[in-house]
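Student: Quick one: this structure, given as structure tokens, is what I'll be asking you about.
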């Protein structure tokens, strides 16, 4: 008699995705981040649900309700700290997951890659609206600055901004709708993740060599389920350590001050995981140009599969492309640093140079290097 997990209508879907899934035997620890992102999403949804039970989306009580959660709710301080720092861990895993895809040429599975880029945009949007909810100074001014960017679009800009605000400034209507979006979007992300996984399992995973692995596959369980479990434990230990020992390490001190529309903080900056994009936005003096550069800094990922010129899939056997990949990583770190600095010399110039290098690497250097590597391989 056949095993129930292979015959039951629901169980066989789970079986095909997580138990008997044929997996390349040589995938490294860099392939752990997909499941870690799933863990992050579940953690954020659960902690967020418990926070939403005690939070009030009203400008007169939002800040106080967060203080109430931390002071009076059973383990409220822990739930909030895990939720706030969980976002940072989410983005660490996201950026590493995208970097792995870039390095090993996983972007050649175009549907999976494009859904992944959409997931990245959705997650960034969710994190942005979530940052507004505690209604501290940086929440309020961050919301004001970023939503105001939409006014750069010709003709419809001002109407668009007021439509998003629900009035003539960031006010109660804005907070209420941002809370609604912040509650809804994680479930949209969960749905899109299912599609991401479904599309991935049509082709199967890539592997570090970039070669076809049909000849050497193993079942996902027990080999990679335990490998993922080890990753889960490591990440949860890291997250709980940050949440318990230094919960405010990655936050902004300005957000401990209730929002005041009459006092602007000296340096308005987003959370650390948006600083690279913020630096690109600030490096262009023109408002519309800055907004387009900000959008394109993420959407450029969608062009990567089209700009792939090499005959080899990954960077494993391509030293020149490896150098450029690590140059891109270094450039993003420089942009992250610049995004947190004030708008003054020499930071403005460094930001402009780093932004130019960022786009030049994606659009010119990487495709050109791939083409040159092909030439070198044919050279005799």
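Our numbering is plain: 1 for the first residue shown, then up by one each step along the chain.
Each Cβ is built from the backbone N, Cα and C atoms, and glycine gets one as well.
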Student: Looking at 226-246, 247-267, I want to know which stretch Swiss-Prot calls transmembrane segment.
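Tutor: Spelled out, Swiss-Prot records transmembrane segment over residues 226-246, not the other listed ranges.
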Student: From the ranges 157-177, 178-198, pick the one that Swiss-Prot records as transmembrane segment.
Tutor: 178-198
Student: Tell me which of 12-32, 33-53 corresponds to the transmembrane segment entry in Swiss-Prot.
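Tutor: Of the candidate stretches, Swiss-Prot labels 33-53 as transmembrane segment.
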Student: Would you mind listing the long-range same-chain contacts of the transmembrane segment (320-340), meaning Cβ under 8 Å and 6+ residues beyond its ends?
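Tutor: For the transmembrane segment (320-340), the nonlocal Cβ contacts are 99, 102-103, 269-270, 272, 274-280, 282-283, 310, 347, 350-351, 354-355, 357-358, 361-362, 365-366, 369-370, 372-373.
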Student: Sort out the residues at least 6 away from either end of the transmembrane segment (347-367), same chain, that have Cβ-Cβ distances under 8 Å to it, and list them.
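Tutor: Residues 279-280, 282-284, 293, 296-297, 300, 303-304, 307-309, 321, 324-325, 327-328, 331-332, 334-335, 338-339, 341.
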Student: Short question: which residues 6 or more past the ends of the transmembrane segment (33-53) have a Cβ under 8 Å from it?
Tutor: 69, 76, 79-80, 82-83, 86-87, 89-90, 93-94, 96-97, 100, 182-183, 186-187, 189-190, 193, 228, 231-232, 235-236, 239
Student: Six or more residues beyond either end and a Cβ under 8 Å away: which residues meet both conditions relative to the transmembrane segment (113-133)?
Tutor: 55, 57, 62, 66, 87, 90-91, 94, 97-98, 101, 106-107, 139-140, 142-143, 146, 174-175, 178-179, 181-182, 185-186, 188-189, 192-193, 195-196, 199, 270-271, 273-274, 298-299, 301-302, 304-305
Student: Same chain only, please: residues at least 6 beyond the ends of the transmembrane segment (77-98) with a C-beta under 8 Å from a C-beta of the stretch. Say none if there are none.
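Tutor: Sequence-distant neighbours of the transmembrane segment (77-98): 30, 33-34, 36-37, 40-41, 43-44, 47-48, 50-51, 66, 69-71, 116, 120, 123, 127, 130, 235, 238-240, 242-244, 247, 250-251, 271-273, 301.
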